[in-house]
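Encoded as C-alpha cells, the structure appears first; notes follow it.
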Amino acid sequence: DCQQADIKYLSGWKQWKRASSKSLKKVLNEVKELSSYLELWRHDIHSIEGKFGTGIQSYFSFLRFLVLLNFIIFVLMFSFVTLPSVISKYGIFNSSFAKIPPKNIEPHCTVYKPSGNKGLVYFYTYLKDLLSGTGFLEMTSLFYGYYTIDTAWLSILRYNLPLAYLLATFAYLALSLIWIIKRSVEGFKRNLVHDEDQFQSYCNKVFAGWDFCITDPNAARLKHRSLQYELQTDLEEERLKRKIADRTMKEKLRIYSLRIFINIIVIAVLSGCFYSIYRATVFSQENSNVSIRCDVRRDSANLLVQYLPSIVITLANFIAPQIFSFLITFEDYSPAFEIRLTLMRCVFVRLANIGVLLFSLWSQISYCATDKCKACGYNYELYPCWESEVGQEMYKLMIFDFIIILAVILFVDFPRKLLVTHCSCKPVQWCGLQEFGISDNVLEIIYGQTICWIGTFFSPLLPAIATIKYFIIFYIKKISLIHTRKPAARPIRASSSNFFFLVVLLIGLVLAFIPLGISIAHIPSSKACGPFRSFNTSWAVVPDTILGFPTGLQQVLYGITSEAFAVPFFMVICLVMFYFIALAGAHKRVVEQLREQLVMVRFDPLF
C-alpha cells in the first residue's frame, strides 16, 4: 500500500521506468521458464532425482554437461575446419582451393600412401576398418591427414585453413577451461557452506539433512541409511582424531613406516602399469600391418595387435583401483580421506596411462637412425602422417572404452541381476546387486573426455563421436541404475560431488594441454599430409601470419610478447592476486566474528 501511494508522487518518467522494469522482469522470467522445458533430459533427471536423491542426480547432470560441451566443440571444429575444406574441395558456392608444395623438403618426406582397400572387400574388412580407423576411414574428414588445403577461396574471401585449424584448437580448449571454471566456482561456493566446524555440521545433518526431492519409499529408506552412515562417519572421524592424539612415538613410527611401504607398493603398481602400456604400444606399432590378402585369421590377429594398447590400458584401469582399495584399509586414515585418496590415485592411473601411451608413440615417432630420417625430423618410414596415427590411437581408445561400458552392463550386470532375482543360493544373495558407484562412473567419463580433448587436434570430428557416445551412455546408465544396480551404501553429498567432479575434469583438461602443447610447438609436423605441411611445426603458422600484417601492428604484437611487457604485466597480476588474497582473509575474519555473535545470541537474546 505504501509503495502504491508513493507512485502517485513520482514523475511520469519514473512511473513509466518502474512499470517497464516490472514488465521486462516478468517477460524474462517467462522466457526462462519456457527455456527450462527445452533443457536436455529435464524430465529424466528430475525422475532420477526423485527416486534416488541428489547424489546420483549429480552424475547424470554432469553427463549432460559433457554432452553439451562436446556438441559445441564439434560445431566449432566442423564450422571452421571441416566445412571450409569440404566446400572448397567440391567447388560449392563458387569456391576453390590452393595447395602450396613444401619448400626445402626432401622428396622422400612427402610420400604418403594411405592403406586404402583395393579390389573386392569383404564385410569383416569394413568392420575392422571401422573399429581401428584405418582403410576407408583413414583419408576421410575424421582424421588430420584429410586436411591438405593451404588456402580456401570463397568467392573473393581468402580463408587461411592452417591458421583456422590452430585457432579452432585453442578456442575449444579455452571454451572448455572457462566453462569448467565457471561451474567449479558455483560448486565451490556451495561447498564452502559444508566445510564448517563439526557442531554446525552435526546440526545441518539433524535439522536440514533430509532430501525433499525423494518420493520413492526405497529411496527414502536409503536416505535414512545415508544420514545414519554420515553420522557414524563423523563419530568415527572424532574417534580417529582422539586415537591419533593418544598415539605413542612407537605407534607413530609403525603407522608411518607402514604408509611409506604401502606407497612404495602403489608406485611399483603404477610403474608396472606404465611399463606394460609402453611395451604394448611399441609392440603394436612395430607389428601391426595391413594385410593385402583377405584372410580372416590374419585380419583378426592384426586388429588384436592394433587394439593391444587399448586392452592393456583398460586392464590397468580395472586392476590398479582394486589393489588401491585393498591397500588403503591398512593405512589407518579417516573414512572421508580414504575415499578421496583412493579416488585421486585412480584419477592419476587413468589419466597418466593416456600420457604414457602418447609418450610411447612420440618415442617411436621421434626415433631417427638414418640421415634420411633426420632430414624429415621424424620417423617418416613408419609414420609418414604421424598426426593421423595418433588420431587413430585416440579413436580406438574411445571406441574400446564405449565397448567395455556396454559389455559390462550387458554381460555382467544383467546376468547378475537375473541370478540375484531368481536364485536363492546364499553365496549369490550375499553378493547381491552391484552398487552404482558415483565416483567410479564419473572417473569413467572423465577418462573418455580427456581422450576427446587430446584427440580433437588429430581427429577434428572426434567430439561428434564423443557426443553420440555420451548420449547413448546416458540411457544405458539410466536403465542400469533402475533395473540392474542399487545405489551405493556410502553415497557422497551432491554439492561436494559436483565440485569434486569438475575439479577432476579440470585436472584432465590441464593434463590434455601438455601433450597438445608438445605436439603443436615441439614435434615437427608431417610433410606428407595435413594443413601444416609447409611449416616446421604447427605453431610456425602464427609467426608466418604475423609477417603478413602491417608493420605497426607487427611491432605492437612483438612488444606484447617481449620481456619489457611481460615483467610489468606479471607484477600487476601478482599485486591483483595479493589484493584478492587479503580481501578473502578479511572476509574470513568477518565470518568468524559473525559466528561468535551468533553464539552470543544464544546466551543473550537482547545482545
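Here the Cβ of each residue, glycine as well, is placed from N, Cα and C on the backbone.
According to TrEMBL, the feature transmembrane segment maps to 65-87 (among others).
Positions annotated as transmembrane segment by TrEMBL: 163-181 (among others).
The transmembrane segment feature in TrEMBL is assigned to 256-278 (among others).
Annotated transmembrane segment per TrEMBL: 307-330 (among others), in sequence order. Using a Cβ-Cβ cut-off under 8 Å and counting only residues 6 or more beyond its ends in the same chain, the transmembrane segment (307-330) has close neighbours at 131-132, 258, 262, 265-266, 269-270, 273, 276-277, 280-281, 283-284, 338, 341-342, 345-346, 349-350, 353-354, 357, 360, 393, 396-397, 400-401, 404, 440, 447.
Outside the transmembrane segment (342-362) by six or more residues, the chain places 266, 270, 273-274, 277-278, 281-282, 285, 309, 313, 316-317, 320-321, 324-325, 328, 386, 389-390, 393, 397, 439-440, 443, 446-447, 450-451, 454, 500, 504, 507-508, 511, 514-515, 518, 523 with a CB less than 8 A from a CB of the stretch. Look at TrEMBL and you will find 342-362 (among others) tagged as transmembrane segment.
In the predicted structure, the domain 'TMC' (385-495) carries a mean pLDDT of 83. Summarising the annotation, TrEMBL assigns domain 'TMC' to 385-495.
Listed by sequence, the residues of this chain that lie at least six past the ends of the transmembrane segment (394-412) yet keep a Cβ under 8 A from its Cβ atoms are 131-133, 142-143, 306-307, 309-311, 313-314, 354, 357, 434, 444, 447-448, 451-452, 454-455, 458-459, 462, 465-466, 469, 472-473, 476, 479-480, 484. Positions annotated as transmembrane segment by TrEMBL: 394-412 (among others).
When Cβ-Cβ distances below 8 Å are used as the criterion, the transmembrane segment (499-523) is approached by residues 58-59, 62, 166, 169, 173, 176-177, 180-181, 183-184, 187-188, 190-191, 343, 347, 351, 354-355, 358, 362, 365-366, 378, 386-387, 390, 439, 442-443, 446-447, 449-450, 453-454, 457-458, 492, 537-539 of the same chain, each at least six residues removed from its ends. Annotation source TrEMBL lists transmembrane segment at 499-523 (among others).
Cβ atoms under 8 Å from those of the transmembrane segment (565-586) belong to residues 559 of the same chain, restricted to positions at least 6 beyond its ends. The transmembrane segment annotation in TrEMBL covers 565-586 (among others).
Taking DSSP states H, G and I as helix and E and B as strand, the domain 'TMC' (385-495) has 85 helix, 6 strand, 20 coil.
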